[in-house]
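**Student:** Below are the structure tokens for one structure; questions will follow.
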């Protein structure tokens, strides 16, 4: 276990509110990036983009409250997921929308198509989670097979790190340097108030670099540069503040009744299964950085079930995206050394509040994306390192351990690299049939690094040389024995039991 000065509780309310606001700022990056990429392709303008971001933020707040109260009970933020982008783009490019000439009408029809697919996709998580089937899968997970899964949940997002920083290096790089300085150096250099700089490093660094970007914008530094550079660097190019209403409350089926297509539903269901695997890795990392006990399989399964409820809410409200654990916010737990459930619930309140007050939420959402990318370099590194920390439970002198680790990492990086390179050159994945939904069912999972690495490690670890007596200890399986059942460790009740005495009616096993 990791021991932090303040974990699982934030007894000082003002500090908890500020820490909650930090979580809100950090999750805004993904909340803005995904709709900014999808809505223009759907036919929407700045007004539609602002409304979708507002809706995604609103539903993320609700889902975070549900997950922290009734799901895994870990301090995790439930936000948008990059995994769902590829099948959503397939829906956008579906031939049934080609004959629509009005861009707004095309946006509405496409949005209804994604809603229908997400409604069906949510069922796989609800069934696997609440039935306990996913619990049986997680029970076979050992520290050895968890290493590639958790590590690539963090490291696998490297494309959102420095490549995004470099899109406007004059603001992205200062954010990265300041983030490292404030979180890692200043707390150990200063004698007074040293905990403040580490704990609130996000607010300090974002405020400084955002002000710097604003000065560059108004001073005319970007007047004669390419439009693409302006879009990444200027603080007034997002179009969100102008497109957002002053006050607006998102509501179910605000875009109209969902439409259903069998192929699109199958593709989205496969994506939903990938999100289960990713979130399992993120739950494990969150339990580690919250200084909780290893999360029991039954609690992971319960969290996945509530994540499925979250995707169902996404489909009802129309976010054009699914829900999963926000990896960047798991990394923030490590930076702040505060794994408080209360802090994350306060952040959910900020999400809902600023989603309703559209203009104010749009102001924060207009932070240039390279600033978020600078922070991601730190947060994703922490999550990846959390996966590597499980190697302490494994026998690294064993050739079996070395093979499973090396092979799963290599295949987990190499196979998605092939699929992604093929898509960038050819405009489509290696599997390219007339059925776009079938293509997605193959191309999307094999383009996902934690899914491929986790699948390979899980299969090898549960099939190789199990008859040998030393294997159980080599893979570290015995270290997690007491956490495989909710009732084996008394501390599990402290961390994971349901509120309002609900464990009597919904017992964990």
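Sequential numbering from 1, following the chain as shown.
Glycine residues also receive a Cβ, built from the backbone N, Cα and C atoms like all the rest.
All TrEMBL annotations are machine predictions without curation.
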**Student:** Transmembrane segment per TrEMBL sits at which of 116-134, 135-153?
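**Tutor:** In TrEMBL, residues 116-134 carry the label transmembrane segment.
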**Student:** For the feature transmembrane segment as recorded in TrEMBL, pick the matching range from 196-218, 219-241.
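**Tutor:** It is 196-218 that TrEMBL describes as transmembrane segment.
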**Student:** Which range is it, out of 403-419, 420-436, 437-453, that shows up in TrEMBL as transmembrane segment?
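**Tutor:** That would be 403-419, per the transmembrane segment entry in TrEMBL.
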**Student:** From 308-328, 371-391, 455-475, which range did TrEMBL mark with transmembrane segment?
**Tutor:** 371-391
**Student:** What residues in the same chain, six or more past the boundaries of the transmembrane segment (196-218), come closer than 8 Å to it by Cβ-Cβ distance?
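**Tutor:** The answer is 15, 18-19, 21-22, 25-26, 170-171, 174-175, 178-179, 182-184, 186-187, 190, 233-236, 332, 335-338, 367-368, 371, 374-375.
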**Student:** Which bits of the chain, at least 6 residues beyond where the transmembrane segment (343-365) starts or stops, bring a Cβ under 8 A of a Cβ in it?
**Tutor:** 10, 16-17, 19-25, 27-28, 31-32, 50, 53-55, 57-58, 60-62, 64-65, 68-69, 75-77, 238, 240-241, 243-250, 329
**Student:** Please indicate, using numbers and ranges, the residues of the same chain that are 6 or more beyond the transmembrane segment (20-40) and have a C-beta under 8 Å from a C-beta there.
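**Tutor:** Distal contacts: 48-49, 52-53, 56-57, 60, 77, 79-80, 82, 85, 88-89, 92, 107, 200, 202-203, 206, 238, 240, 320-321, 326, 328-329, 332, 336, 343-347, 349-351, 354, 364-365, 367, 369, 372-373, 375-376, 379.
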**Student:** With a Cβ cut-off under 8 Å, give me the same-chain residues at least six positions beyond the ends of the transmembrane segment (371-391) that come close to it.
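**Tutor:** Beyond its ends, the transmembrane segment (371-391) has Cβ neighbours at 26, 28-29, 33, 143-144, 146-155, 157-158, 160-165, 167, 171-176, 179-180, 183, 202, 205-206, 209-210, 213, 281-282, 284-285, 288-289, 327-332, 334-335, 405, 476.
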**Student:** Go through the chain and flag residues at least 6 beyond the ends of the transmembrane segment (52-70) whose CB is under 8 A from any CB in it; none is fine as an answer.
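**Tutor:** Distal contacts: 27-28, 31-32, 34-36, 38-39, 44, 76-80, 240, 244, 248-250, 254, 302-303, 306-307, 309-310, 313-314, 317-321, 323, 341, 344-345, 347-352, 354-356, 358, 361-362, 365, 498-499, 502.
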